[in-house]
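Peer 1: This structure is in structure tokens; I'll ask about it shortly.
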């Protein structure tokens, strides 16, 4: 399976990496950093060379579902130490003229896609894997930009998971996917922490979080406004999968022994509204509340109530 292959390769790269290593890997032709070793450092040239070969394997696996993934020529180089500003960066760098930060967004899309593919494989949802692949190849016929294709993959994935799996099955898959991603520090404000990570990956430009009255339903309720949400397109459904996975990555959002997530006293349930101004097509408002059953974990139709 694609997901399992990607995750196994990443694990092997992580085993080779050293936080204070002297060597890194770049493309020999362009000098650009290469996913999945963009920020990795290695203790010696031998370890870096092994990681470079693994990076080639990783990108070959990506090309199984995206033939347009660029072929790089990874080489080992002596890496300069990151500056304090780079090491402490919590917000994304200035976007390029195209409005995105390709390396950050591409890395995020590939990481999440790999984790979800692996989770689908673990739970035996081969039909859904095939549906995602078919939808993605259809999108590739009309989307020329390589970076936009990465976003298209997550859109296809969110819609097909929503179409083919029950809400409880979706919760199971996304919890498994979240658990395979790198660990994050626990936060007493998990929603804000998840959104900060999405902003750092250029998935969203600006966000606001408001706590609202739960009414008779009880449980935690957050109203999240997202500006520049790059998973949104011109359809009436909004992919919520990346947001949910980031919420589940926090220790407070992982599944407890009773099978529920730790969001309030139940499952996360999402609804979406949008601005009436056509110029605000990338602004959406997501309401996240706790319910007895999960809802809207992968994709939500605008206007549906949670």
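Quick reminder: no glycine exception, Cβ is built from N, Cα and C everywhere.
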Peer 1: Pick from 221-254, 255-288: which range has region 'Disordered' per TrEMBL?
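Peer 2: The listed stretch tagged region 'Disordered' in TrEMBL is 255-288.
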Peer 1: Provide the three-state DSSP residue tally for the domain 'DUF7552' (6-79): helix first, then strand, then coil.
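Peer 2: Helix (H, G, I), strand (E, B), coil: 29 helix, 13 strand, 32 coil.
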